[in-house]
2 protein chains.
Amino acid sequence: MPDHQDFLTLTPLGGYGEIGMNCTIWSTATTSVLVDCGLMFPDDYLLGIDVVIPQFDHILRQKEKVRGIVLTHGHEDHIGALPWLMPWLHVPIYGSRFTMALVEHKLREANLLDRSELVVVEPGQRLALGDMVFNFFPVCHSIIEGFGLGVETPVGRVVHTGDFKLDPNPIDGHSTDLDAFRRFSDEGVQLLLSDSTNIERDGHSLGEREIRDTFDGIFRDATGRVVVTLFSSHIQRIQEVFDIAAKYGRKVAVSGRSLLNNIDIARDLGFMRVPSGVYMDPQDMPALPDNEIVLLVTGSQGEPLSALSRITRGEHRSLAIKEGDTVIMSSRFIPGNARAITRLINDMYRLGAEVYYENFRNIHASGHAYREELRTMLETVRPRFFVPVHGEYRHLVKHCRLAHECGIPQEHTIILEDGDPLTLLPEGIRKEPRINLETVLVDGKGVGDVGSSVLKERQILGGEGMVVVFLVLDEQIWEILHGPDIVSKGFIFEAHYNHVLEDAKCIVLDILENMSPGDLEKLQDRIRSTLRRFFRKVLERDPVVLPVITMV
Amino acid sequence: MPDHQDFLTLTPLGGYGEIGMNCTIWSTATTSVLVDCGLMFPDDYLLGIDVVIPQFDHILRQKEKVRGIVLTHGHEDHIGALPWLMPWLHVPIYGSRFTMALVEHKLREANLLDRSELVVVEPGQRLALGDMVFNFFPVCHSIIEGFGLGVETPVGRVVHTGDFKLDPNPIDGHSTDLDAFRRFSDEGVQLLLSDSTNIERDGHSLGEREIRDTFDGIFRDATGRVVVTLFSSHIQRIQEVFDIAAKYGRKVAVSGRSLLNNIDIARDLGFMRVPSGVYMDPQDMPALPDNEIVLLVTGSQGEPLSALSRITRGEHRSLAIKEGDTVIMSSRFIPGNARAITRLINDMYRLGAEVYYENFRNIHASGHAYREELRTMLETVRPRFFVPVHGEYRHLVKHCRLAHECGIPQEHTIILEDGDPLTLLPEGIRKEPRINLETVLVDGKGVGDVGSSVLKERQILGGEGMVVVFLVLDEQIWEILHGPDIVSKGFIFEAHYNHVLEDAKCIVLDILENMSPGDLEKLQDRIRSTLRRFFRKVLERDPVVLPVITMV
């Protein structure tokens, strides 16, 4: 670490080389600021894990230097890990009005609100935190009130785009303030950090206006009810649904906790204008003809407990999909959810609905800039150094290549992964040795107590099941007082395969007969290994075998 | 079921309303023929299940009528379930030379070859099975030697397209013999069954020639090694790799069992011509300069044990991905595999390779007809009735709509799902009541012994783990002789959370103290429910709790 010298060190705790869990420490000699504090939803192989969060040890070790947490926007992958950090770190949190409202809701639910200081910052405001000054530039994204950051540091200016896109023809001024980026950059930017999510997509992203036109056409032609599902934080698109519904004389009933909640917040803050009489309770629906109804529901990822899944399975209190419904699924399918989503779509077709989804033109627009927009950002900021963020490794590689095309020399583009600190110095840039960083798995209230050995056990339990063998032995002479009994879980239908379990009991008796008393551990080992071999042979399965032997 | 009358009943055992596990019984009054006998790879939620196969009860109940099994082509979703049927059904199997070679290999591995009769049929051949005559039409698909079927039945002609596409400009005559379909149809077709996989894709599928051109361009520009992965039964594309390798003076080393095996079979039968000296052993590679090397490997779906995954993880005997490699992944990403595949791609980029995959233009062509090709088939066959096959429910709906566009009236298009028999009569068509049909889950050697209750247990075990509580009681006075002891698997790190397990023991002691002796089942229930409540409260987890109580 440099001494007696100006520097800025960026320490990525998450979001570099992966999409999700964005979290970076910005440190100077006197000041540290955490930029974003997101979570990640687990991959399928993380059995039973609810969410994944960054390891905070590194920021907690420099507590006294930390001046605040700056949030770029309110998506879960940028704010979701706050409930696990705030109990340990008492610093103000800064962000836009809408972002702060979402954070307030989140921290209230976690009973952490009273000990947190939430500070709203406005676009254009200059926020001094220690020896850094943060400037906030409005950016267009799939959530309202996102910010890009222009940071004045002791070693020069740094720009962080946040998650952004350029919508050249936006609705209601939801656009990226490219001029603000340009003005800040005109004094020279040392380093640019830029969103890499869609670097693999050529050209420009779709504008929200196109989506609105698509919706308008579908609403216009629908003769029955229209059912819309989308990401519940996409306030702008939710507004469009209300507007188009009003245009075609339809009422909107909303179902799903996160949608209701976000609409409440957005209306309270004046970010949504719902035409009077359009927003109604699902309970009142039956009274209206189908062509005056819109259902706005959660569940765009096929989540089994979401409103859309429940109304498709017929498990919703008051709503059900029926013949003549037109369903709009306005979101990207996250790959891990593809099978659940297509199952849901097929089920809706079985019920006689028509479904417009990903494969329909202009039904969804990404919130992240495509290649040519990323080029525009590079050309606007014209940084000396470039670090691609918010992407998987291949995205970072390709974003660096784009930077090279824009004239940034190869040795001035740096790929960082989580745990790779980078130090900006007056004379240049330096990669620091990787810090030891593990992602933290959250399972219920347990934080970090589920690690690879527990996951490995879950994998075997989940794939092969478990067999418990129990017997009671006389301690002196190792005579069986009770058992062996065998209970299995997730292994086989015991009724069908009773003979296998009976054979297993005989094997245990055999083992006992051929062992001299005394070594309990050896007995357990032998039961385990012999039964595993037996099950592999007769069933080609390898369950967890747990021998429970009691001596009395 | 009709009596004293001509009829044809189609009983779909698999592949209708789902993609995979194709299997249909064709029955007349005197004759039954099974068309295809495929398996399906399980969805993620089928924990630990290896493959899914159709329930064969229905065909086995009419054994004496069954004259044979007709296979359209050699993909697993058309032949994969044979090893589970052949032990119970002794009838000849018919298919093309290449299909039969794959079946022979499969049945030999299952030790079923000696009791099976495999009969090769040629295109144009008329095969009489009871009172049906099968005609075989060559179709273009992602495997060589696929057939469509023209069947003369007592109630008229029926056409089954098999899996097909129309490649108007094919390489080496691998094309669909549309003329054969037309000639057969000229005498009038009662019913058409047609592949629905790509009904949602407009226009025409990509031709194999375009893929070859893409490969040629990548090979031409590559300065290091070229690594190719693709579906290992795609003999035609494998041939292209060898041809282009030869053109650019590269040798091809093959790794992966299924590729080696399929290449062997295809060469033996004369379906591949490998230029001499081009095909070599991976062991010999180091001796050659990189720009003379092609690695052809299995693993296009990111399978962790495949060659590509192993050479990327550095776990392969003689091969490893390195800086300068150009990797071609020439296949569609099956949705359930998307995360594994993108992880693999990122890892290859980390090692310095360049990877061309799905997002690269013309890197893969589907083997299934797009919308306009399906239209051509409908217009060629001009059937009276239409049943879409080989698709999820939404595909079947949309394929019926296309048939309506082609002039087939709505009441003549029928959507069948697995278990919905359909009877064709001289005077028309009739849907029969759904038969009771469950898919059969195969886990190791166990067939059908894992059902929904076992899967449910696996799901909980896999997501939450298991806690076993054991104690030994004196039968008379319910005094504890030993225990309570607690062992957990897949639940928590016991070392970190010892206090939770200690508290759990105290809870068990409490329960015992407050119960009068006698009712063992009640004691077990109470331990189970109290501990589950306890774990939910302190950890928000809900493991399987298994009380094991022994009385002595």
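Yeah, the Cβs are placed from backbone N, Cα and C, and that goes for glycine too.
Over all protein chains present, the Cβ of B:ASP195 (active site, proton donor) has 29 other Cβ atoms lying within 10 Å. The active site, proton donor annotation in TrEMBL covers B:ASP195.
Sequence-distant contacts (6 or more apart, same chain, Cβ under 8 Å) of B:HIS368 (active site, proton acceptor) comprise B:HIS141, B:ASP163, B:PHE164, B:LYS165, B:ASP195, B:THR197, B:ASN198, B:SER205, B:HIS390. Feature annotation from TrEMBL assigns active site, proton acceptor to B:HIS368.
In sequence order, B:PRO42, B:VAL442, B:ASP443, B:GLY444 are the residues near B:ASP50 (Ca(2+) binding site), counting only same-chain partners six or more apart with C-beta under 8 A. What TrEMBL records for B:GLY48, B:ASP50, B:ASP443 is Ca(2+) binding site.
What TrEMBL lists as Zn(2+) 1 binding site is B:HIS73, B:HIS75, B:ASP77, B:HIS141, B:ASP163. Using a 10 Å Cβ-Cβ cutoff, B:ASP77 (Zn(2+) 1 binding site) registers 23 neighbours.
What TrEMBL lists as Zn(2+) 2 binding site is B:HIS78, B:HIS390.
Per TrEMBL, substrate binding site is recorded for B:SER232, B:SER233, B:HIS234, B:HIS364, B:ALA365, B:SER366, B:GLY367, B:HIS368. In the three-state DSSP classification, B:HIS234 (substrate binding site) falls within coil. Here B:HIS234 (substrate binding site) comes close to B:SER142, B:ILE143: these same-chain residues lie at least six apart in sequence, with C-beta atoms under 8 angstroms from its C-beta.
According to TrEMBL, the domain 'Metallo-beta-lactamase' annotation covers B:20-218.
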Find, for the listed binding-site residues B:SER232, B:SER233, B:SER366, the residue with the lowest Cβ contact count at a 10 Å cut-off, counting only other Cβ atoms. B:SER366
Sequence-ordered list of residues in the chain of B:HIS364 (substrate binding site) that lie 6 or more positions away and have a Cβ within less than 8 Å of its Cβ, or none, is B:ILE211, B:LEU230, B:SER330, B:SER331, B:ARG332, B:GLU358
B:HIS78 (Zn(2+) 2 binding site) -> DSSP, reduced to three states, gives helix
All chains considered, the count of other Cβ atoms within 10 Å of the Cβ of B:HIS390 (Zn(2+) 2 binding site) is 29
Other than B:HIS73, B:HIS75, B:ASP77, B:HIS141, B:ASP163, which residues of the chain come within 8 Å of the Zn(2+) 1 site, judged by Cβ distance to the Cβ centroid of those residues? B:THR72, B:GLY74, B:HIS78, B:SER142, B:ILE143, B:GLY146, B:GLY162, B:GLY367
Return the maximum Cα to Cα distance in Å (whole number) over the record's substrate-binding residues: B:SER232, B:SER233, B:HIS234, B:HIS364, B:ALA365, B:SER366, B:GLY367, B:HIS368. 17
When the recorded positions B:ASP77, B:HIS78, B:ASP195, B:SER232, B:ASP443 are screened for a C-beta under 8 angstroms from chain A, what remains is B:ASP443
At the level of the C-alpha atoms, what whole-angstrom distance separates B:HIS75 (Zn(2+) 1 binding site) and B:SER233 (substrate binding site)? 8
What whole-number Å value do you get for the CA-CA distance of B:SER366 (substrate binding site) and B:ASP77 (Zn(2+) 1 binding site)? 16
Which ones in the same chain are close to B:ALA365 (substrate binding site), with CB under 8 Å and 6+ residues apart in sequence? B:SER142, B:SER205, B:LEU206, B:GLY207, B:GLU208, B:GLU210, B:ILE211
Name, in the order they occur in the sequence, the residues of the same chain whose CB lies under 8 A from the CB of B:HIS73 (Zn(2+) 1 binding site) and which sit 6 or more residues away. B:GLY95, B:SER96, B:THR99, B:VAL139, B:HIS141, B:ILE143, B:GLU145, B:GLY146, B:PHE147, B:GLY162, B:ASP163
Pop the Cα-Cα gap between B:SER233 (substrate binding site) and B:ASP77 (Zn(2+) 1 binding site) into the table, whole Å please. 12
